[in-house]
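Undergrad: Just lifted these from TrEMBL, have a look:
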BINDING   11-17, 39-41, Arg316, 342-344, 419-421  GTP binding site
BINDING   Asp12, Gly39  Mg(2+) binding site
BINDING   Asp12, Glu13, Gly14, Lys15, Asn37, Ala38, Gly39, His40, Thr146, Arg160, Gln235, Thr250, Arg314  IMP binding site
ACT_SITE  Asp12  active site, proton acceptor
ACT_SITE  His40  active site, proton donor
ACT_SITE  Lys157  active site
BINDING   Thr310, Thr311, Thr312, Gly313, Arg314, Thr315, Arg316  substrate binding site
Amino acid sequence: MADVVLGIQWGDEGKGKVVDGLARDYDFVVRFQGGHNAGHTIVVNSNKYALHLIPSGIFYPECKNIIGNGVVIDLSALDNEIKQFENLFSMSSANTSYSQYGKNPIAGRLFISNRAHIIMPYHVELDRLSESRRAKTKGIQAIGTTGKGIGPAYSDKVLRSGIQVGDLFNKALLKTKLEANLQAIRSFGLSFDLDSMLTTLLGYADRFAEFVTDTTQTLWQAAKEGKKILLEGAQGSMLDIDHGTYPFVTSSSTGIAGALSGTGLNASDIDMVLGIMKSYCTRVGNGSFPTELDDEVGEFLRSNGAEFGTTTGRTRRCGWLDLVAIKHAIRLNGCTRLAIMKLDVLDGLPEVKVCVGYDYMGKEIDYMPYNLDVKPIYKSFSGWDNSSCVREFKDLPSNANNYINFIEQYTGCKVSLISTSPERNDVVLIK
């Protein structure tokens, strides 16, 4: 059976820490959508590791990691990430358990779908051109993308002109596709050297040959054998291409639908769906954010929570927890459990608020409308101190308990995990 870990806000919820903590109990960890625009930060012994493409199970020797068919891959970024871990595992005496894997502890534990699409250099340029055009168009706001070519790569996929990882191993087909695409982008004033790009891609074919396989077949076989599979989402439900705050969204399905289409598994394979949320809200880039705080509390959350993007370093917008959005995401994804991250960030605030409804065109509603031009309706709670590094539910401040209990009551979904610091072991597990 497969369990799914999903962000249920606007991304940056802390999925990496949760997956890192869970991965030791799974045979496979799978990334199923997005690209290197996503960043999962894992803290081990006070050392930070940023993962952008490689699944978060990479730190466990017995865990196999899959980059699924729904992911778009920047080959250079993936190469650099693999090298980072090859160097880390070979140089660190603290990782002696990896010696059984020889000089390359990634080999045999990382698999890349031959159906995954490749982010090409021209996708990056098209991404920047698109953002620039929007910014210069009256009445149109730039999306605020990471500028890494994600959207154009998915666009080519939908247009059926994308280049897949499997194409790297067929030189004639690769050249034909590349010629057609380079011809098409000339209308945008872009020009790339065919021979140079082809040579680079064929070099990556040699580099990644040992990792590339039909991962759908791998997962089907694993499911048949009763292996434990963990599917790791990127971004969050409010950035979903269909159900997010369009057009200020990412270019893939970030929810349960993406978990299935991006791996080849089906609905009957899914057991638990764990929704990951912060104890407050953040967002990067433009778009609606009903509970955003442009005051000292917002700055407190940003500073105390170190709210700067893993991938871009951009400052995150911060605000109170929006339970209307959370409940919406739970229903979309069929979440069976919740994990609340960064509870400790709220330590020291005299008052903590949560959004329990919206004022929409003079009417109070408890759902997300098509037009998110709303005013939040808040419920207030007394603040608390000293939740940092707590590992037992009984040791949490009583006011923090009240906060968590209300979240469960409002959403109808039980909380299974609470994070109380960035460290991987500072969590409260609730059975």
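Counting starts with 1 at the first residue shown.
Note that Cβ sites are derived from N, Cα and C of the backbone, with glycine treated the same way.
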Undergrad: Could you check which of these binding-site residues, Gly14, Gly313, Thr315, Thr420, sit within 10 Å of Asn37 (IMP binding site), going Cα to Cα?
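TA: Neighbours among binding-site residues: none.
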Undergrad: Anything within 10 Å of Asp12 (Mg(2+) binding site)? Look among the recorded positions Lys157, Gly313, Arg316, Leu343, comparing CA atoms, and list what you find.
TA: Arg316
Undergrad: Of Thr41, Thr146, Gln235, Thr315, Thr420, which of the binding-site residues has the most Cβ neighbours inside 10 Å?
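TA: It comes out as Gln235.
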Undergrad: Determine, from DSSP, whether Thr41 (GTP binding site) sits in helix, strand or coil.
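TA: Thr41 (GTP binding site) sits in a strand per DSSP.
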Undergrad: What number of additional C-beta atoms lies within 10 angstroms of the C-beta atom of Asn37 (IMP binding site)?
TA: 27
Undergrad: Cβ distance under 8 Å to Leu343 (GTP binding site), same chain, sequence separation 6 or more: which residues?
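TA: Counting only residues 6 or more apart in sequence, the Cβ neighbours of Leu343 (GTP binding site) under 8 Å are Ser279, Ser387, Leu396, Ala400, Ile404, Ile418, Ser419, Thr420.
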Undergrad: Here are the binding-site residues: Gly11, Gly14. Which has the lowest count of other Cβ atoms within 10 Å?
TA: Gly14
Undergrad: According to DSSP, does Thr315 (substrate binding site) fall in a helix, a strand, or coil?
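TA: Reduced to three states, the DSSP call for Thr315 (substrate binding site) is strand.
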Undergrad: Using DSSP with the three-state reduction, classify Thr146 (IMP binding site) as helix, strand or coil.
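TA: In three-state terms, Thr146 (IMP binding site) counts as coil.
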Undergrad: If you draw a 10 Å sphere on the Cβ of Lys157 (active site), how many other Cβ atoms land inside?
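TA: Total other Cβ atoms inside 10 Å, all chains included: 19.
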